[in-house]
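Taken from TrEMBL, the feature repeat 'Solcar' covers 22-118, 126-210, 218-302. Among the features that TrEMBL reports, transmembrane segment is placed at 24-44, 220-238, 274-296.
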Amino acid sequence: MTEITSEVERKTKTTALGELPQNILFGGLAGVLGTSIIFPLYTIKTNLQSSHSHYSYSTTSRTSLAFISQQWKIGSVIRSIIGREGWKGMYRGLTPTLLGVAPEKAIKLSVNDMLSSLLSDEQGKTSFKNSVIAGGGAGFCQVIATCPMEMMMITFQTRASQGQTAVPSVVHLAQELGIRGMYKGLLATLCRDVPFSMIFFSTNAQLKQQFQGSSETLDISYVFLSGISAGCLAAVLSTPMDVIKTRLQSANSPYRGIIDCFVRTLREEGLGKFFSGSIARACIVSPLFGIALLFYEIQKRLASSLDN
């Protein structure tokens, strides 16, 4: 019996490694599709988080009021972008984002799948603890693509919002920034993406288990629902570090690092600023991961049916 169990476990782990190239392709395609649909919300979020506000009243009162005011500036931000650049301004920075999101989502989704399979038990189930570990590993690996992608996207968007000369092309900006410049904010990106992925993938796995129950397969609509729900939770909880990362990567950033950005933002703008753009971020991440996971799962099921 033990030998049979070991053989099943070995085949599961071998299959996980064998499917990695296929899942990398599926993850990349899913990321491009999802990002293309919701990209204008990225632009809104970046403008909300990179803007500076100053308050003269007490820290206690400004915390709640700042949070409320930051969330409902979305309408004025949209009007400002469209008035300054037209509708194309809502898609400023799309090219580097698509170039980066394909490898980013490919790494994120495929590595999580691989680690989840490697950490699964003899029945093929992954415990909550191991789901957290797998998610953290996926978040850590994806940063190699995420950091330069978002650095370029944010530079495109914040230069435009500050009235600076538009960057002529992705190639021009890459040459201007260099490797070191494109990985500015790397530590902040890690501090955001590792916890995000730990929360997202573990929550998503638990929701899928609950929805599936005793059924052999999970209905595809629940894949979408699980992705949206887990994405919303992880997005809101990781917003403070996303604000810091965005400010560090913004054009002409005045901050020396994570601690300097945190202290100065807290002192000058209050605690509520760390949750600015949280609604926009939840609106980005929820549908993005819902769409990406849905498309990713559909591709995997189609590939599996063709193999059979």
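Each residue, glycine too, has its Cβ placed from N, Cα and C.
Within its own chain, the transmembrane segment (274-296) is flanked in space by residues 23, 26-27, 29-31, 33-35, 37-38, 41-42, 44-46, 48-49, 66-67, 70-71, 74, 105, 109, 200, 204, 220, 223-232, 234-236, 239-240, 242-244, 265-266, which lie at least six positions past its ends and keep a Cβ under 8 Å from the stretch. Across the residues of the repeat 'Solcar' (218-302), the predicted structure has a mean pLDDT of 90.
Sorting each residue of the repeat 'Solcar' (126-210) by its DSSP state yields 72 helix, 0 strand, 13 coil. Proximity of distant same-chain residues to the transmembrane segment (220-238), defined by a Cβ-Cβ separation under 8 Å and at least 6 residues beyond the stretch ends, is recorded for 192-193, 195-197, 199-201, 203-204, 207-208, 211-212, 275, 278, 281-282, 284-294, 297-298, 301. For the repeat 'Solcar' (218-302), DSSP puts the residue distribution at 71 helix, 0 strand, 14 coil.
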